[in-house]
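Please read the structure below before turning to the comments.
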Amino acid sequence: MTPLSSELVGFTIPFYSKTQKPYSNSSHGLLLSHNRSSLLTFSNSNPNNDNGRSFSSSGARNLQTTTTTDATLPTERRQQHSQSLGFRDTQMLKIFHRSCRSGNYIESLHLLETMVRKGYNPDVILCTKLIKGFFTLRNIPKAVRVMEILEKFGQPDVFAYNALINGFCKMNRIDDATRVLDRMRSKDFSPDTVTYNIMIGSLCSRGKLDLALKVLNQLLSDNCQPTVITYTILIEATMLEGGVDEALKLMDEMLSRGLKPDMFTYNTIIRGMCKEGMVDRAFEMVRNLELKGCEPDVISYNILLRALLNQGKWEEGEKLMTKMFSEKCDPNVVTYSILITTLCRDGKIEEAMNLLKLMKEKGLTPDAYSYDPLIAAFCREGRLDVAIEFLETMISDGCLPDIVNYNTVLATLCKNGKADQALEIFGKLGEVGCSPNSSSYNTMFSALWSSGDKIRALHMILEMMSNGIDPDEITYNSMISCLCREGMVDEAFELLVDMRSCEFHPSVVTYNIVLLGFCKAHRIEDAINVLESMVGNGCRPNETTYTVLIEGIGFAGYRAEAMELANDLVRIDAISEYSFKRLHRTFPLLNVLQRSSQTFGY
């Protein structure tokens, strides 16, 4: 084994174990079975995780069934003890307050448990803060533990339940949030509008509009009044699905309930119309607003301006700007950024620079979004020195570049073979308070690998994971390609399996890379298994897939099978004339040539 292969073997195991989801049930065992203990260790490595009570799918059910055993004093004695000592005046309560304020939630919970053992009644406000704190730490069992104590020894209110529901929703545990909602009702607590808005907002943000509308119906059946926020959330979600007419129906329903849409609601609809290409209809809505005495704001104008300029309608955009000034609606940073972006897109860099200068003269401070199109434009023109100088100008102007600005420069440097200069900038990202993201690491990995520095490239991926940055699809594709080039197809295939377990969808290019790797190794059965897996996972093979497989079968010594497959593919027009000629040059397929002579005019 070469030093590089040895390094790769040592690399792929920790890569796989760190990226593998703990709930994966993949049966591809080479690395998974080897690293099961590593996976378990990694999944439990968060110091804020609770290693006690399991709260998988039954977390909210535990809330319903758990009997707290920490407070063993009889009820009468607890009440007498609480009354005699004066709960709010105790030194322990002061410490509890202090630990909650400082964010030391583990210590706070310990104090809470100690206090209830002594007969003190838990304070609902502090417990609510504690619930929110544990959800911030992603420590669900501890958050549920606080609610258990509050229910058994205190008096929870709707705010405490809302905190629990909101925490579950933010962690995408909608079923648990629903169970808490049901529990509220069982304890004679009436969910308020905030409760329902939390549920509706969470469902909408996850694309579950149908369920969100059902929650709205439940809200109405509970005699709870929806608010402007309720309908605006639903309207925005409806617009994201392209349902302009449905969104307008929701607004009509909103008006029929005596609710007056605000500009945020109207802007949501205007934005949705513009995204669907209904710019004229969006302008009509703005005109109707003006007739109703509702003035569009700068956000409204920015939405319309972006839509017009994206269609190349500069003249209409200028008219809109004139109207904006006449209505005494001053352009903001976003307005100028839209104009700068469009000018750069159209190659008018000098005009964009002048606009940036005008923006500063107007007393506006450009942000990273204002500079980014200019940096990208300079990079496209190969003016790297100017782009890098712009980064320094941003810092001197008090605008810290974001990672998008830096990634643009890094990618251009690497593309131009200046990996060392890119590495120098990459190494200073932490010093300027801008942490690299997966795109930064992917760029550097590809550049280092292409330059021949493969070991350093692999260490870049390890550094990425050690910094808590999850690999993305580009990371996987790059790694799979590199491993296949080194002949390590089994490890590449394991990453392909891991990729799917992480809910990524390998593209046809990714499958073709692994397929080619197996074919080059003359492992045709494994190549066919990859093809079957590809089709089974809903990824349609392309012409490259078929030609790679035919060549692989032929070079492995199975000429007859290769010719048979080629015949079948020619018959169904899955292979073009160009690909057929290339195959024929590689090794003569006489039978195929005879049968397809009429097809390709031989």
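Every residue, even glycine, has its Cβ placed from backbone N, Cα and C.
Residues annotated as compositional bias 'Polar residues' in Swiss-Prot: 42-64.
If you look up Swiss-Prot, you'll see 65-74 marked as compositional bias 'Low complexity'.
Among the features that Swiss-Prot reports, region 'Disordered' is placed at 42-85.
Look at Swiss-Prot and you will find 88-122 tagged as repeat 'PPR 1'.
Applying DSSP to the repeat 'PPR 2' (123-153) sorts its residues as follows: 27 helix, 0 strand, 4 coil. As annotated by Swiss-Prot, repeat 'PPR 2' applies to 123-153.
Residues or ranges marked as repeat 'PPR 3' in Swiss-Prot: 157-191. Counting residue by residue with DSSP, the repeat 'PPR 3' (157-191) contains 26 helix, 0 strand, 9 coil.
As a whole-number mean, the pLDDT of the repeat 'PPR 6' (262-296) in this prediction is 89. Feature annotation from Swiss-Prot assigns repeat 'PPR 6' to 262-296.
As annotated by Swiss-Prot, repeat 'PPR 7' applies to 297-331. Sequence-distant contacts of the repeat 'PPR 7' (297-331) (same chain, six or more residues past either end, CB-CB distance under 8 Å): 263, 266-267, 270-271, 274, 279, 282-283, 286, 338-339, 342.
Residues annotated as repeat 'PPR 8' in Swiss-Prot: 332-366. Long-range contacts of the repeat 'PPR 8' (332-366) within its own chain (CB-CB distance under 8 A, at least 6 residues past either end) are made by residues 298-299, 301-302, 305-306, 309-310, 373-374, 376-378, 381, 397-399.
Per Swiss-Prot, repeat 'PPR 9' is recorded for 367-401.
Per Swiss-Prot, the feature repeat 'PPR 10' maps to 402-436.
Taken from Swiss-Prot, the feature repeat 'PPR 11' covers 437-471.
Residues or ranges marked as repeat 'PPR 12' by Swiss-Prot: 472-506.
Summarising the annotation, Swiss-Prot assigns repeat 'PPR 13' to 507-541.
What Swiss-Prot records for 542-576 is repeat 'PPR 14'. Across the repeat 'PPR 14' (542-576), DSSP assigns 26 helix, 0 strand, 9 coil.
Taken from Swiss-Prot, the feature transit peptide applies to 1-78.
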Residues in the repeat 'PPR 10' (402-436) grouped by DSSP into helix, strand and remaining coil: 25 helix, 0 strand, 10 coil
Non-local residues, at least 6 beyond the ends, that sit with Cβ under 8 Å of the repeat 'PPR 10' (402-436): 368, 371-372, 375-376, 379, 382, 384, 387-388, 391, 394-395, 443-444, 446-448, 451, 453, 464, 467, 469
Positions on the same chain near the repeat 'PPR 3' (157-191), where near means CB under 8 A and six or more residues out: 57, 59-61, 63-64, 124, 127-128, 131-132, 134-135, 138, 140, 143-144, 147, 150-151, 198-199, 201-203, 206, 208, 211, 222, 224
Summary of DSSP states over the repeat 'PPR 1' (88-122), given as helix, strand and coil counts: 26 helix, 0 strand, 9 coil
Contacting positions for the repeat 'PPR 13' (507-541) when only residues 6+ beyond its ends and CB under 8 Å are counted: 473, 476-477, 480-481, 483-484, 487, 489, 492-493, 496, 499-500, 548-549, 551-553, 555-558
